[in-house]
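K.L.:
I grabbed these lines from TrEMBL:
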type     : residues  : note
TRANSMEM : A:12-32   : transmembrane segment
TRANSMEM : A:52-75   : transmembrane segment
TRANSMEM : A:87-104  : transmembrane segment
TRANSMEM : A:110-128 : transmembrane segment
TRANSMEM : A:140-160 : transmembrane segment
TRANSMEM : A:202-220 : transmembrane segment
TRANSMEM : A:241-264 : transmembrane segment
TRANSMEM : A:276-295 : transmembrane segment
TRANSMEM : A:302-323 : transmembrane segment
TRANSMEM : A:329-352 : transmembrane segment
Amino acid sequence: MDKMPKWADVILTPLISLVLAFAISALVILAIGESPWEALKTMVTGALGSSYGWGFTLYYTTNFIFTGLAVAVAYHASLFNIGGEGQAGLGGLGVAIMCLFIPWTHWSLALIAASLGAAAFGAAWAFIPAVLQAKRGSHIVITTIMFNFIAAALLNWALVNWLRPVGSMDPASANFPEATHLPKITDMFAALGIEWGTHTPVNVTFFVALLACVAVWALIWRSKLGYEIRALGRSETAARYAGISPVRVTVIAMLISGGLAGMMATNNVMGEAERLVLNNVEGAGFIGIAVALMGRNHPVGVLLAALLFGFLYQGGGELALWTSIPRELIIVIQALVILFTGALDNMVRAPLEAFFVARRKRGDA
Amino acid sequence: MDINTIIQILDSAVRLMTPLLLACLAGLYSERSGVFDIGLEGKMLMAAFSAAAVAALTGSVWLGLLAGIAGSLMLSLVHGLASITFRGNQLISGVAINFLASGLTVLLGQKIFALGGRTPSLTGGGRFGAIRLPFAETLEPVPVIGPIYADLISGHSILVYVAFLCVPLTWWLLFRTRFGLRLRAVGENPASVDTAGVSVTRLRYVAIGICGVLCGLAGAYLATGLGAGFVKEMTAGRGFIALAALIFAKWRPWGALFATFLFGLLEAIAGRFPSIDLGIITVPSMFMNALPYILTVIILAGFVGRAIPPRAGGEPYVKER
């Protein structure tokens, strides 16, 4: 028998954790001498108050959906992939190669190829840690951290020595050709005669991200592979008895995870910057951890959490613009969300469980 | 390459390895007691900031050092609460601590100094100066030994010597005292320690407390010894290199000395020679920077001597009822 009703487990616990995280964030804002209420108002107006704000919020959301899903898929196999940052960076390399070296005639073809390239590079970057975990028992957390740094060095090298146009000092690739530019959502609305979100980076990959949510849901809860991933995550011994190969499932789960993280590059590298720059991921790989934790590793939860972080990210930018609060406030909020929904989960859960058990006892008597 | 160049490179290797060594030993205490700590980076960053901030405000580097230790200990306490008391996921807690430090340091720095997250440059009593060991000047003219003694061994700040002394001290504490035996046991088999009537919780809190103090020293050295003030993200992944060194050292103090020296040397070489021409191929500096991580992955893979972590590492201890 469960100690808590399902709704309390799925909705109430994360909600209380979130409230705690935000309460402490408000205290931090108070401590630096600003008003939390004013800060919240600035953030809401800046991120959600106009179609311009929404355009940026949804752009960030797209990034976080990909990296959040990446962490979530690995988590179902009880693998903690904190290499999303490196995998997404390598995904950018895949996108750049696809866009720069193949002459495309239409953006849709380029997007398909770039998605495959990004996923392949991201997956390849997750492959070695996955194999080392599965075959040699090297802890995946440590190896993926190391691979983040190796990826940064590799990208730096590739940009400086290889992709940088002749004569340019900037460690960045050439601009992608016109045919690979993805349609912005603004353009789609404009085609319908509606003015929405002019000059915002949100583009067609937002819909790809939504599709990815559905695909991950189908994979985890509606496919044999998903069953194997969850079984391995719950108990390796039980999975082994059921004839599931832990090596195979570990590697496949990490490949999917790395591929999803890599696909983020179709949004930021192909859809926004339209060239590959140094440090293009900007921490989105790490935000994926917070997103997955808050979303309880469910695609719907990941989508909602990604939206929340998209809002925080855009709102944080607005804060830095209009108030004297630096945008690093968002990193603090992110840290507190990870802390409360992830590491201090038991602190919230234990009293709640006790409450529900006590109430049930009273009901029985 | 002449002897002076070699001494200069070794000298900067010693400076660069010091924060790594302190952080590596910090991680050693924590992980030997069964608490994984990927928050070394965050604790160092917090310590670097609080040390530089207090040193800048008071003009006293010693008060800065105390503040650095306090800042780091505060985050250790958060880690302890999450991973020991509430039995949460230690890795997630570590990730959170890294972000908390990364955000808080800039936020507080901007609030106090309004320099975009930096602290003012430290001068005079706000920094740890070089210590000239006795006879450094007298011995200097002696060939080979003279420069080695005067430039390589003498002339560092006090925290460098403290870091090196911590190695034998840690070895003695861990392998020659009752506390050390218990600490190692609690990381391998906490139930046995509990059966012997020793509190697992208390031992682990002590271990992460020591870890906090050592990370505090490492951070304070970065901001007040190696550098002259705090800049945003000044740890620049050193906490993770220290973590890598810990694995490289197979969780042993003398190994930590060797591993951090190797990584410090790599950093010193990469800093001095942007790219190294080996005749056939040119090694870019990016490769030198990535080498510690690559070496650690190879060690982790178990191809060159297997690194086996403490057995109870990462698992919260649940007392039987």
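Counting starts with 1 at the first residue shown.
Quick reminder: no glycine exception, Cβ is built from N, Cα and C everywhere.
Keep in mind that TrEMBL annotations are predicted by a computer and have not been checked by a curator.
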K.L.:
Report yes or no: does the transmembrane segment (A:110-128) come within contact of the transmembrane segment (A:329-352), defined as 3 or more CB pairs under 8 Å with a sequence separation of 6 or more?
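P.N.:
The answer is no, given that the two segments have fewer than 3 Cβ pairs within the 8 Å cut-off.
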K.L.:
Given pairs 6 or more apart, does the transmembrane segment (A:202-220) have at least three Cβ pairs under 8 Å with the transmembrane segment (A:52-75)?
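P.N.:
By the criterion, they touch.
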K.L.:
Before we move on, state whether the transmembrane segment (A:241-264) and the transmembrane segment (A:302-323) share at least 3 Cβ pairs under 8 Å, counting only pairs 6 or more apart in sequence.
P.N.:
no
K.L.:
Return the stretch with the most CB pairs under 8 A relative to the transmembrane segment (A:52-75), choosing among A:12-32, A:87-104, A:140-160, A:302-323, A:329-352.
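P.N.:
Checked against A:12-32, A:87-104, A:140-160, A:302-323, A:329-352; highest Cβ contact count belongs to A:302-323.
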K.L.:
Taking 3+ C-beta pairs under 8 angstroms (sequence gap of 6 or more) as contact, is the transmembrane segment (A:140-160) in contact with the transmembrane segment (A:87-104)?
P.N.:
yes
K.L.:
Cβ under 8 Å, sequence separation of at least 6 from the ends of the transmembrane segment (A:12-32): give me the contacting residues as numbers and ranges.
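P.N.:
39, 294, 296, 301, 325, 329, 332-333, 336-337, 339-341, 344-345, 348-349, 352.
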